[in-house]
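Asker: Not my notes, these are from TrEMBL:
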{"type": "TRANSMEM", "residues": "6-28", "note": "transmembrane segment"}
{"type": "TRANSMEM", "residues": "83-100", "note": "transmembrane segment"}
{"type": "TRANSMEM", "residues": "107-128", "note": "transmembrane segment"}
{"type": "TRANSMEM", "residues": "148-170", "note": "transmembrane segment"}
{"type": "TRANSMEM", "residues": "177-195", "note": "transmembrane segment"}
{"type": "TRANSMEM", "residues": "215-235", "note": "transmembrane segment"}
{"type": "TRANSMEM", "residues": "247-267", "note": "transmembrane segment"}
{"type": "TRANSMEM", "residues": "279-298", "note": "transmembrane segment"}
Amino acid sequence: MHYASTDFYIGLGLAVSSSLFIGSSFIIKKKALLKLASGDTSQRASEGGYGYLREWMWWMGVITMGVGEACNFAAYAFAPASLVTPLGALSVIVTAILSSRMLNERLNLLGSIGCALCLLGSTVIVIHSPKEEEVGSMAELALKMKDAGFLIYVILVILATGFIVVYVAPRYGHTNILVYISVCSLIGSLSVLSVKGLGLAIKETLSGHQQFTNWLTYFWLASVAMCVSVQLIYLNKALDIFNTSMVTPIYYVFFTTFVILASSILYKEWSCLGASDVIGNFVGFLTTIIGIFQMQLFRDVNISLYQVQKLVSRPSASLANADFSSSSTNLVDDYCMRQSNSNRRMVYT
């Protein structure tokens, strides 16, 4: 099926709108969870409680995310998943900016550069994204679902998720940020496949080919409901325990990777791309990942444009004497500490 130019740009616009709403929803829900944490701790999501269900602000966050997901849902009907999903990086930028304003979480110079890298990577992805896909009807989709590769992927996802939920999460969920995020990402890849299938059914119905008498439509609908429910529960657990600015980017990387893998298995969206477009998508995704992690790995580094100019203008021999007044760690302190440790090792050797 070939995407018309209008459809492609409609999908692109919906994907961008989705990122704006979803990025804002993280902040709203985090504020609700922080409010709950100041009260009865037994009701916290991280303790297995559901006290957040009584918070109007949390429900506002859910509604905002619902609007974003609705835009995202519609975007999948107009554009390929390998374009829509990576553009979720824009929600990371929205979250980072709003968290610095509303949650007092840092966004320094390196974070700003990371945001710019995310925008650059997203632009490259848009330019090189596939404009056509192999699956154009529910009948074709039903045949694709019988592929051994897809069935193996679904079985592995279910087994891995069950193992994490039953064995890993009770032991390491409160200390390792990857545990809950892994559950959200694995199940999230199935939810995107389901959303894409349901969107295809609705689009065919609107074009005059009734699909609400097709059992596959209701299979995708049930799958969407179950997968999104699991994602909400474990995403709330992750947000309740860990910093929002860490949860969001790691979730993006894991989620996008699994979605691209799943969509390439089922929908064969990458089969129509040339070598240059494949490389372009890979480079765009890698650039986005670098930007995201730059925002997070150096989020506590107290560095500004003035400090960079001051650092560049100094001879390297005077770095140890550089005066950067700050209560938090900065790049010069890290540099001097590494040099000092290296010298000690050389003496004892």
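From the backbone N, Cα and C atoms, a Cβ is placed for every residue, glycine too.
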Asker: Taking the transmembrane segment (83-100) as reference, which of 6-28, 148-170, 177-195, 215-235, 247-267 has the most Cβ pairs under 8 angstroms?
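Answerer: Comparing 6-28, 148-170, 177-195, 215-235, 247-267 against the transmembrane segment (83-100), the winner is 6-28.
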Asker: Six or more residues beyond either end and a Cβ under 8 Å away: which residues meet both conditions relative to the transmembrane segment (6-28)?
Answerer: 57-58, 60-62, 64-65, 67-69, 71-72, 74-79, 83-84, 87-95, 98-99, 102-103, 126, 131, 239, 244, 247-248
Asker: Considering only the recorded stretches 177-195, 215-235, 279-298, state which has the highest number of Cβ pairs under 8 Å to the transmembrane segment (247-267).
Answerer: 177-195
Asker: Grab the same-chain neighbours of the transmembrane segment (215-235) for me: Cβ-Cβ under 8 Å, and only residues 6 or more beyond its ends, written as numbers and ranges.
Answerer: 62, 69, 138, 141-142, 161, 180-181, 183-184, 187-188, 190-191, 193-195, 197-198, 201, 247, 251
Asker: State the residues, same chain only, that lie 6 or more residues beyond the ends of the transmembrane segment (148-170) and have a CB under 8 A from a CB inside it; answer 'none' if no residue qualifies.
Answerer: 179-180, 182-183, 186-187, 189-190, 230, 261-262, 265-266
